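Visitor: Pasting a structure here, questions to come.
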Amino acid sequence: MASILRFPREARVGQRPILLSPPELSGNELDEVAQTLRSGWLAPAGPTLAAFEQAVAASMQAPEALALNSGTAALHLAYRVLGVAPGDEVWTTTLTFIATIAPAVQMGATPRFLDVCPQSWTLDPARLRRELAAAARRGRLPRVVVPADLFGQPSDMPAIRAACARWGVPVLSDSACAMGGLQHGRPAGAGADMSVVSFNGNKIITTGGGGALLGDPALLARARHLAHQAREVAAHYQHETTGHNYAMGSVTAAIGLAQLPELERRVIARRAIFRRYQEALGHLPGITFMPEPGWARSSRWLTAMVVDPQRFGADRELIRMALAAQGIESRPVWKPMHLQPAFRDAPRSGGAFAAGLFEDGLCLPSGSGLEAAEQGRVIDAILGVARRG
Ligand SMILES: *Cc1c(COP(=O)(O)O)cnc(C)c1O
């Protein structure tokens, strides 16, 4: 990982660097991969891939899953299936990762960025209702609304769905980093028209790289067609439209099959890591942690804390640099989309709350394989800054 290379030279030798969210193995990957190789199925088809898709759909309580080579590809296919076209608006939260919106922008859509709510750091249903009513008055409703499940915190799907249903606007849930999270007792993204998960190297379930699109079989059949170069059924190559090469290979799916049974254990591990940070640091003046609304169980994919520099006596950057000096990776809360030069002119609704989180927020090492002694090093380093501050 590039981040290892960026650690300063003075990082203590002999101690393993502590990363934000490194991949963890279940131990069954080699067996699953060997079995798949022996079966002769290497192509993006066959029993391993089908079994993985079924397991992913079951774990997300979705009617069907389409395994793809990234979460970004899944988002792109969703936008195609939903008919996003030049001039359309696509709405998402400003506090997300760029992959949520990049494919829609590349298709000629105009993004509109909505602020998140303080109770969840995800899409604010009240703001969404207001903005949809205003858009209806303007006569320019969005083609799709895309709530993003930040740091493993699911979005409030019943409220978002109800707001969108009133105007007939579909919901695409970017649950890329929220596998294992629950909202109103259901998995992240459940209840949306379509949703997306990612198996990127830093996610809670990883295949090294990959993703899935979830939704009803009719929408997914179209997405599956596009994912395989939009090949029509014919002996020769026949195409009514252009597609993509987005399918997941069987060996990758085998890794995913070995990983999936670990999901619940990993959520419990990440939640325990969050609690330990909160117990060890939550009493410090000026330190608060990402909230969790009563209707949600965050996967706590990443622990995020907010540093009030006045009350804490040091700012977020001082903490981040103190951690880096000890070989510990941390990362500012994602920079909101409305502050990204790429989206300088995009319309938005609010953004001050997300901007504050970017200013003062820090994500701490949260991997499900993080050992107690390693987490102790992170905590001690932050306590050290508190004493100096
Ligand atoms: C990881 C992530 C993505 C992208 O998934 P990839 O599999 O890396 O393409 C998109 N959105 C969010 C919120 C993510 O965390």
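Yeah, the Cβs are placed from backbone N, Cα and C, and that goes for glycine too.
Okay, so TrEMBL annotates it like this:
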type	residues	note
ACT_SITE	Lys203	active site, proton acceptor
MOD_RES	Lys203	N6-(pyridoxal phosphate)lysine
Visitor: Let me check the 10 A CB neighbour count of the residue listed as 'active site, proton acceptor'. How many other CB atoms are there?
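Guide: The answer is 24.
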Visitor: Work out the three-state DSSP category of Lys203 (active site, proton acceptor).
Guide: coil
